[in-house]
Amino acid sequence: MKYQNTEAFAKQQDKEDALSHLRNRFHIPKDKNGNEWLYFTGNSLGLQPKSTKEYINQELEDWANLGVEGHFEAKNPWLNYHELLTDKMAKIVGAKPIEVVVMNTLTTNLHLLMVSFYRPTKTKYKIVIESDAFPSDRYAVKSQLKFHGFDDEDGVIEWKPRPGETLLNIEDLESILKFEGDEIALLLIGGVNYYTGQFLDIKKIAEIGHSKNCIVGIDLAHGAGNVQPNLHDSNVDFAAWCTYKYLNAGPGSLGGVFVHEKHAKNKDLPRFAGWWNHNKETRFNMRQPFDVMEGAEGWQLSNPPILSMAAIKASLDVFDEVGMDALREKSEKLTGYFEYLINEIDSDDISIITPKNPKERGCQLSIQVKNADKNLHKKLTQNNIITDWREPDVIRCAPVPMYTSFEDVFRMVTILETLLK
Ligand SMILES: *Cc1c(COP(=O)(O)O)cnc(C)c1O
């Protein structure tokens, strides 16, 4: 696509964009004078669909009117509420319904999945993570190592960018497995790296891990609703993600879990239990010995918070209406335009660390600004531009195809250019 550095071009793109109407379905935050923010942090907390209130109100009303009977009599009976989310969530991550469940929060889910899938032995116990893995994931794997009685320094192997580079190279993961694979039990990798925005080849990672009999788990916090990870085809063993980033389900909302179909019927996998992973048919008899459900549902423990699930349902209904194919198509154009405009800025201080190939990234661009300090981020905020600052010098910006316009992108870069001068 041939881009142009003019406001008229940006406006024309919005006119031709078949998804531009979606913006109206979201609350766009405004400043005190009523001017809309240029919101580039959908990778951190997605904006609120206008329909969310109605979905949550429905459950509040059913609770008010029905009390405990709401479990069966609510418009959307609470007992099986999570099932209303499964198909739509499965489509978003490219999974079969039996492979997906919405439950708990991301880090909690990573631990529950590691209970089943991180089964270290005395000699095969190490865990591979990216060197700039999200801190929570690093803490989680280190605590698993310690929990199993291993040294949490020795037990973590970092997949690092090469000296002088910022992105990961799949060949380096191959060498790690080639030389240390016999000691490695688990690969836990961010499918889209939160810092660089690099979208890794998940299928290839699974192949590399499995070639040495390692389990492969993917953290999709920055992937779900952003890229198409095709989890089932990728053959990874498990994955987990949150719904408050690209999935617009509100602060701290419940997470999603994927367990590959090949593990769906394996009732021998060690796991923690509660009444919610017990067979639905006999759950309320309360007297049976534990009988675990098949598929991802077999990792649930508790009856889930319906109000959070209502917010997820509101958002997934919008995703389902549009579909990830259309969103991705727009996303590649929109981020391509953003990239083009950033590269047009006449300054040697600014560069993009995210991969140039649209297939190796989602919507986020991580922009490195030489000699910048947090002041730049502050000035952006004063100009109604909401971005995310990462020390020492990176601004992460996510033009989200669901509600960001080409004009937003144009205005954002125009202001950034002025501030850099
Ligand atoms: C956002 C994010 C988290 C946050 O975990 P919570 O348990 O939801 O607080 C963890 N890991 C990654 C990679 C993230 O991007």
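For all residues, glycine too, the Cβ spot is worked out from N, Cα and C.
Curation plays no part in TrEMBL annotations; they are all automatic predictions.
Values in this document were obtained by computation on a predicted structure and should not be read as measured data.
For reference, TrEMBL has these:
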type: BINDING; residues: Leu106, Thr107, Phe134, Pro135, Ser136, Asp137, Asp219, His222, Tyr244, Trp275, Asn303; note: pyridoxal 5'-phosphate binding site
type: MOD_RES; residues: Lys245; note: N6-(pyridoxal phosphate)lysine
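Features per TrEMBL, on structure.
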residue : record                              : DSSP class
Leu106  : pyridoxal 5'-phosphate binding site : helix
Phe134  : pyridoxal 5'-phosphate binding site : coil
Asp219  : pyridoxal 5'-phosphate binding site : strand
Tyr244  : pyridoxal 5'-phosphate binding site : coil
Asn303  : pyridoxal 5'-phosphate binding site : coil
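Within the set Leu106, Thr107, Phe134, Pro135, Ser136, Asp137, Asp219, His222, Tyr244, Trp275, Asn303 that the record links to pyridoxal 5'-phosphate, no two Cα atoms are more than 32 Å apart, and one pair reaches that distance. Between the candidate recorded positions, Ser136, Lys245, the densest Cβ environment within 10 Å is the one around Lys245.
Phe134 (pyridoxal 5'-phosphate binding site) sits 14 Å from Lys245 (N6-(pyridoxal phosphate)lysine), taking the C-alpha atoms as the reference points. If you take the C-beta of Asn303 (pyridoxal 5'-phosphate binding site) and look for same-chain residues 6 or more apart in sequence within under 8 angstroms, you find Trp78, Trp275, Trp276. When Cβ neighbours within 10 Å are tallied across all protein chains shown, the highest count among the binding-site residues Phe134, Tyr244 belongs to Tyr244. Looking only at other Cβ atoms within 10 Å, the busiest spot among the binding-site residues Leu106, Asp219 turns out to be Asp219. Taken in sequence order, the binding-site residues Leu106, Phe134, Ser136, Asp219, Tyr244, Asn303 that lie near ligand 1, meaning a CB under 6 Å from one of its atoms, are Leu106, Phe134, Ser136, Asp219.
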